[in-house]
Every structure is written in C-alpha cells, then in structure tokens.
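> The domain 'UvrD-like helicase ATP-binding' annotation in TrEMBL covers 6-291. What TrEMBL records for Ala27, Gly28, Ala29, Gly30, Ser31, Gly32, Lys33, Thr34 is ATP binding site. If you look up TrEMBL, you'll see 292-572 marked as domain 'UvrD-like helicase C-terminal'.
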Amino acid sequence: MNNYIAQLNESQKEAVLHKDGPMIIIAGAGSGKTRVLTYRIAHLMQQGVDSFNILALTFTNKAAREMKKRIAEIVGQSEAKNLWMGTFHSVFARILRSESEKLGFPSNFTIYDTQDSVRLLSSIIQEMSLDKDKYKPKQVLGRISQYKNSLITVKAYYTNPELLEADRMSGRPKMGEIYKNYVDRCFKAGAMDFDDLLLRTNELLTRFPDVLGKYQDRFKYILVDEYQDTNHSQYLIVRALADRFENICVVGDDSQSIYAFRGANIQNILNFQRDYKEVSIFKLEQNYRSSQTIVNAANSVIENNQSKLDKTIWTQNDKGDMIKIMRTLSEGDEGRFVASAIFEDQMRHQLSNDQFAVLYRTNAQSRAIEDALRKKNIDYKIFGGLSFYQRKEIKDTLAYLRLILNPNDEEALKRVINYPARGIGDTTMNKLTVAANELNKSIFEVIENIDVVNLQLNTGTKNKLRDFVLLIKSFQAEAQTLNAFEIAELVLKKTKLVRDIEKDGTPEAISKVENVQELLNGIKDFIEVQKEKEEDDSLAVFLIDVALATDLDNDKDDKPRVSLMTIHLAKGLEFPHVFIVGMEENLFPSAMSMNTRSEVEEERRLFYVALTRAEKQVYLSYAQSRYRWGKLVDCEPSRFLEEIDEQFVQQIAPKQPQFKQNSFIDSDIFGETPPETVRFKKPIGVKRKEAPKPIKKASPVQGNFKRMHQVKMDIPEGPFATKLKVGNFVIHGKFGKGEVLAIEGNENDQKAEIKFENGEIKKLLLQFAKLKIVN
Ligand SMILES: Nc1ncnc2c1ncn2[C@@H]1O[C@H](COP(=O)(O)OP(=O)(O)OP(=O)(O)O)[C@@H](O)[C@H]1O
Ligand SMILES: [Mg+2]
C-alpha cells in the first residue's frame, strides 16, 4: 500500500475522503476527476467497505481495467478482485446473464452487435417489401436505438402520437411495424442488441422489485465516471440502484458532453442536484495534464459556449509551447505534414511513437494520415476502424460458438448455415424464414422439425439441414466437457473453416488464417486470466466480452505506435503530443451539426475535448481543399481556429512558400524557429453566419426525437444545396416542409419534385428554389 492521499490536492482530498451520501464532482478536463474516483474507491475499501459492495461505471472497458489496476496497487490484488467495474453495457450484460430468464430470455442470450442488428433489419425490411432507400437499415437502427434509450417500447411508441407523426412526416410510416418485428425477432432469437442491455435492465429493475432490492443491497456504493454522457436509460438504472443507500458519486464535466447525438443528456448533471436532497458538490480546478498554454487556449474556446456551468481550470504546469496551426494544400499534404512533424519531433527530442496522437472528426480522415505515416515507416495504430472481432473470418468462427450456446441465434445461424458451403441456398433459407415467422419458432427449431413442417424441400436439402443441426448438437454435447478453447479448436477442425479460407491462396487468406489463430490465442488468454482472477471462464462470458470489446481495449501489441482515432474515442485519454487535423468548416464543425446553436456548441465541446487531451503540444491543421463526397471542394478554415485566444497560437508555414502538391520536403516543414509568429487569420472576404438558436427547447427525454423533425432554419447555402437527394426533407420559404421525391436535370436546370406538408407536389428549379435541407 502506498500513501495515495498524499498524491491529491486539497479539493481532491476532500472529495476522496467525503463521507457517505450523494455527491457530484463537476470539474474541467484533466483536473483529476478519474483519479478522485479511483482513489475514492480505494479509500472506501480501506475504510472497511467490502469490494463486493462497490460498483464503478466507466466510459470504456480499458478505463475500468486501468482503474482496477491502480486500486489493486493500493489495496492489493485480492482485495480488488470483487469490484464491479466496467462500462454500463458490460456490467449490465453480466447482471442480465443471471437474471434474463425472468424476462423470457435464455441465460446464454446472444448479444447482437451493430452488424448483426443491421443485417436483421435489412431482412425485415426486405420481408416487408419496403423501399430500402427510404428505410435505410442503419438509419432505422439509429431511430430504434433512440426509442430504446428513451425507454420507448413498441407499445409506448404506438401510444405516442408525436412519434407516429414524426415518422409519418419523415416518410417512414412503417417504423412502428419494423420496430415491433425487430423486437420480436430478437426475442425469438434469444438476442439482445446493445441498447437492449440497458432497456432490459431497466425492465428487470422495474418489473421485479425483489431483483432491484437484491442489487440495491449489493451495490451500496455506486460511482460513475463521465456522467455528462449518460443517456436517459443509464440515468434511470443508476437512480434505481442508488435509491436505497444514496451513496452515489458521479463525476463529470458539462463542457465535455459530446454524445447528445446518441441520446446523452447533459441535463442528468443538473438533475442530480434535484434528485437527491443533500448533495455535496465538489469542484476541482487545477489541471495536471496540460501546459498553461493548452489549458488557457481550451478555456478561451469554451468561453464561446453560452450554455455551460460556471467553472474554470488553471494549471501550475509550465507555460509550454504555442499551439501550432498549419495550413496545407490538400489532405495529402496534411498527412505529410503530420508525418513529418512527428518525425522531426522524434529526432529532436528522442520521443517514441506512443507519445503522439492524431485526432480527427470523422473516421474517413484517417486514410491520408495513414498513407503518410506508412511512407515514413512510422508505426501507428488506428482505433475505431473495423475491430478485430468484426472481421469476417472471426465473426464466422464466433457465429459457430454463439450457436452452440444459443441455437436460436438467427444472425449467427444465417451466417454459417451455408459457410463453409454445404448446399443450403437462399431459396431454402427464405422458405425456412417464412416458416419460422409463421410458426413463431426460430429457424433452428424449424429445421429440427423439418419432417413435420411441410416446406416442400427435396430429400437432399432436408438431409443437409439435418446434418447441420446434428453438427451443432454434437458441438453442444462436447461443450459439456470441453473448455472454450478446446471447443473453438474442435469447431474449426470439424467445419473445415480454416481450410476453406486457405483455399483462396491469396496473401489476404494467409492473414485471415492468422487472425483465426489469434482468436484461438485470445480464447486461451481469456481462460488463463479468468482462472487467475478466479472468475467465470465459460464460453458464455468470453462471448459477452467479445461482443462488447472495442479496439480501444485491444492493446496487446507492445510496439510503441502513434494513436489515430476520432475525438469521440479520445475522451478521458491523454497524450503528450496531439495533432487535430481537418480544422475546416463543414468538417469540424461538422456540416451535419451546424444548424442550431446547440449543435455548434456540441461541436465546440468536442474541440475542447480534443485540445485538452494534450499534455505538451497541440498541432492544428487544415487543408485548403479536400475530396469530399467524391468531389474536390475548397475548404474554409474552422471557426474554432479563430476562437482560440491569439496569444496561444502560432501559424507555422512551410519553408518553401511556393511548394507544389506532392513536392513536400519532409525535413523542411518548419525551421528550428518557426518562420513567423502570426495570428491565424480568416481568409478575406469569407463571411459566416453564426448558427441561430434552436427554435424549440427540446425536452430532456425526447430531445432527440424533437431534433430529428425540428425545423432548422438558416442553413448556410453551399454544399447543402448541391447535395440534395431523393428522400431529403427540405424547407421552402412559401410551401413549408416537404420531401424530395425525385431529382432530374443537371447543373443549372436541375429540378426537384417535392411533396409538401399540405399534400401538394411541386416541381421546383433548384437554382431558384432556395431550399434548405432539414435532415
Ligand atoms: N494531485 C495530482 N497530482 C499529480 N498529478 C495528478 C493529480 N491529479 C491528477 N493528476 C494527473 O493528471 C492527469 C489528469 O487526471 P485525470 O485523468 O484523473 O483527469 P480527469 O479530470 O479525469 O480528465 P478528463 O476530463 O480528461 O477525463 C492524469 O495524468 C493524472 O494522473
Ligand atoms: Mg477522466
């Protein structure tokens, strides 16, 4: 044990030592919120609280692991063992595993990841013969996710005229039916999607008071990190669980709330003081992470937000280097700039790759950065791409494992019933799906009864189906005695899956086989770790972990690498040197989020998060032109660049003023002393409208629904007007709101056929129509 209290300042100490009762710590970035939470847990344990009675909810699995490690260092490994720590999803997935039968789900329920959900929705939309352009599976899933996170069940949906109207207006009158089918199909398949993990937990705690009582008793102390990004569903779970003892400690920063688009509700912070009578409020103001320059620059940016709580951060750290702003010609140049700057910094200061992070607004931006880093042989790791577990060969293998535990898992079955090929084609699958829907059985159950269900299949097909069921059943029998690793090995051998991959003979095939091998290693690792921790090492637990794993969790590789990720993913993390790329209007702030003040404020908070990840140095870059939507567009520097107080920034320029595209000279990006120290200037002649205030204040619960069909006025013209697509909703000055049914003609005489709210259909010449897109 070490003297951890000595590692805290006075305000932090107060929060850590505070007695029982509800408490909230609201503080700016890098002020030690996460440290306080961690030490508070250690302290509680030292005061005799049983680790079994503590629940800590973090934003990532990785954060939970790090916290647990730190606590173990203070109180000892065996003491820390029983702590419940993890993300909302992982903690409640585990609870549901022991309670799901009460809700009619098998205990080995499957967790559908986004890919599974999208596939299921695709088939439902197809079975309902709906237009896939109107009902885009991903968008439909997003909408369902919003319902679920606001606790709107299918029944509640149908009794909510506002929602019905909103979906009707947005041209998706069948949303309710899709939602119902989706929920039914998941239920029949014994599957929960990500949002169900929260929704069903809420259901469990509401419908079964004894279960609620059990967990209320168990979790005498509840602590939540990044509270500003909890959604309504999460909020209710925490509230219910904390209701008995009210020993709830939440930490957050309203200035870092960046998930409103996914239903997070900044109100939860404000409500906290309303929900609990005697709340102790703590503020931390000293930042330990960043240089003075970075802290002050971040403060100057967030100043521009109207809606924020009153708090500041300051630091005793060194003044540090100025924030450097770099203008580049194109995204290619931007990539080269980043790679060269990293290279130079490394040469000058002997820094390793892992001291650097490149942050961007959208995943697509990584490509140019990756290309440039590869050219310079700088190792990097990209977070947020296709995670290991989402690769096809891995998903195929996992699908077999999922079926062993839960043969009703429809998505897993569809994935592998004919892979490797066994002659079970689409026609057969369609017949099976229809029969399953009619009989209200799973596809697997239909196949099990293939002799009694009259499906008009020939004997050959029936035999193939029977063989498949037998194969899965034989695995199930073996699973009684084999562990997760052995069963996975057996599956690979019997299904000849690896052989099927190898058949291809390409280099990709080799890497796919390696991936499958890596999966086996992963399972082996998992078993060992669980054994060591004396925790459940069953296949079921492995599959829960896998379903909820993100590639942020997967940092086994010990080679130091530059981290590449979106700003959203970087929340809570820190790096000595941070590049924030793509500082351009319509990219950051995003074109999708510039229509209301609250949207721009969320983008600004995102920028605040980005800046405050850095310890020593921030580089900001923007390109003068960039390929977007397949077209080269001129870019305007981001408004956020101007918002940084000028005393903290320095524009750096390439040494060769006239360098051409693709002729970038690596070692000469900027000299020892930057060529000039100038205030970033907005290009002359560019005018920008400040986003107006939202028209209507959204209610906390249904904020997002309102937002979806809320009229957004004053959208700047430009890429919007030319990007008009069929299915878009638009506002016309005279005719009001309408939906684009068709677009014809090109360039100057392009016309759109629009159906307006009053039922009239009009054909308008786009050049003059002054339409504003609203979705
Ligand atoms: N009293 C302290 N003395 C020294 N270092 C500290 C102290 N408090 C926090 N730190 C360090 O400062 C950094 C930021 O702390 P931490 O991550 O806990 O802040 P945070 O408020 O959670 O930040 P964020 O808002 O980004 O989540 C960490 O490296 C942490 O170890
Ligand atoms: Mg933190």
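Glycine is no exception: its Cβ is also placed from the backbone N, Cα and C atoms.
TrEMBL: automatically predicted annotations, no manual curation.
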> What same-chain residues, at least 6 away in sequence, bring their CB to under 8 Å of the CB of Gly28 (ATP binding site)?
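In sequence order, the residues whose Cβ lies under 8 Å from that of Gly28 (ATP binding site) (at least 6 apart) are Asp253, Ser255, Leu284, Glu285, Asn287, Lys311, Thr312, Ile313, Thr612.
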> Excluding Ala27, Gly28, Ala29, Gly30, Ser31, Gly32, Lys33, Thr34, please set out which residues of the same chain place their CB within 8 Å of the center of the CB atoms of the ATP site, keeping sequence order.
Asp253, Leu284, Asn287, Arg289, Ile313
> May I ask which of the binding-site residues Ala27, Gly28, Ser31, Thr34 have a CB within less than 6 Å of any atom of ligand 2, listed in sequence order?
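List returned for ligand 2: Thr34.
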> If you count other Cβ atoms within 10 Å of each one's Cβ, which of the binding-site residues Ser31, Thr34 has the most?
Ser31
> Can you name the residues of this chain that are 6 or more positions from Ala29 (ATP binding site) yet have a C-beta less than 8 Å from its C-beta?
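Sequence-distant Cβ neighbours: Asp253, Ser255, Gln256, Asn287, Arg289, Ser290, Ala298, Ile313, Tyr608, Val609, Thr612.
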> Please average pLDDT over the domain 'UvrD-like helicase C-terminal' (292-572) for the predicted structure.
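Across the residues of the domain 'UvrD-like helicase C-terminal' (292-572) the model's pLDDT averages 91 on the 0 to 100 scale.
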